[in-house]
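Structure first, then comments.
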């Protein structure tokens, strides 16, 4: 890596940061050599009802898997985000909210948020929610989404937040798997000037005959839009809040008690319920938020992620609020009604720290930097990137146009499963290289292995694994521990397999190269190819489908589908559009195929396995060096697919 591509930490930033390079090296070394001692100390950053004495009981042996942190302590996550700030910071603003329409704005102090959470926790109890129950949350980006999450945590209920862009079928599958008794939703949400029919989607999901556990649907009135109503099942949020008491004693929870479920795409097609527990997760979310973003008290912090994703959980709700931060929540998209919106909001709310995704940066880049001519940006101090590897061009644009060349960029790598950031620069410690996630956070031991599981030393490329546990790690796949072991610990014995490939350069910096399994990263969100294939094949005119990712200028990866139609079906543009809408309805807008190529046949081995590496290369327009096709049952299929490919650049 040439020195011109190295962005040095400025002396001023290093002098004022929580951690400089020397301190990073000392702390990191201690966290690896003496993890018990390191986490014994740093676990104290949150409040415990019963202090822990036991720190770490972990093993990645697939026959004796164990992940336990602070496991004899007790605490409450909601109390850590609210109650502990009341004595000194009750009047500090916890949430600044800006609606899809900028004229709608609210500020909520820690004292006010505490009262709202207590009231809603009591409201949940009035609807029969008890400790250990799973509550599904399908909400727009409004403060009440955070209130609902924290209220669940307060009474020991387990929340399962479903992204507001998911379809009724996707909601139903998650409700069925989690056996939810109560769903919290809104009449509608607002996004990009459009009303999103959240309540209608819930109604449709609950028509699924396999949904049998739901007793109550609590509905927030957001837009006042007309909704259908089911008596004895549906209840208005505001009606419950009118009579609810303003104090609710937080439940004392074991450190290893479940805090939330969050469903993520897997390569098998069935979304898997990632289970996070309370103690280790809260320690890790709060610590990474403070150190990675170099957070200082009183700063306004804006994470643009939706609450339905892990980034929204860890870095919009639990991490920042545990640290007493002022969090900006935006209901809409930061490039509506114009690309200038992002800059306007940073200036309007004096944002110090911005955490966003490469897909938004690329979208703004495509619109042109003239939209930032009036952008001041002087409040901005730190910028982050999350969701997928950021390409160097987008990194530089972000640095120059949004950061005015003075804000460090923390390009963070982590996963739903990891609970928090694992590989990242620290603003005062790490010289950065555009496109590299750089170095591991404290306590994180990444390694590269070949396909046989042999550790690769030095400058190299391979499968990214982790050699030991960290407090924020998921504990299991809900209801399917065997799948958890199989997915993450069987591929490479004694190691956690991330599913990502990476290379390590001459400076020891990590560069994430993308998924090595059948998962596509669309706009920073993971989609299993099997999930999209299943949706396509469920259409009566589709005989077979194979889905791969391909390079997309805005989204990072687009969805490229190869579809074989039933015999005698005509290949028309109308049918292509019908299939796109079909997938959209089955899964959600995020899963809509960008390109659908008609295929008379797919490249298969004699045993019937589809050889996806050929399909990926054709979709990426890399057709000159496809490699050995001799194992295919019908090698001629490849030529036909190349001839009719849709992603040509010539």
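Please read every residue number as a count from 1 along the shown chain.
Using the three backbone atoms N, Cα and C, a Cβ is placed for every residue, glycine included.
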The ATP site in Swiss-Prot includes 387, 388, 389, 411, 412, 413, 414, 415, 416, 500, 515. Which of 396, 483, 526 is also listed there? 526
Excluding its own, the Cβ atoms lying within 10 Å of the Cβ of residue 311 (CoA binding site) add up to 26
So among the binding-site residues 335, 412, 416, who's got the most Cβ atoms within 10 Å? 412
Go through 537, 542, our binding-site residues, and report the one whose Cβ sees the most other Cβ atoms within 10 Å. 542
Assigned conformation of residue 194 (CoA binding site) - DSSP reduced to three states: strand
So what sits near residue 515 (ATP binding site) in its own chain, CB-to-CB under 8 Å and at least six residues off in sequence? 499, 500, 501, 521, 549
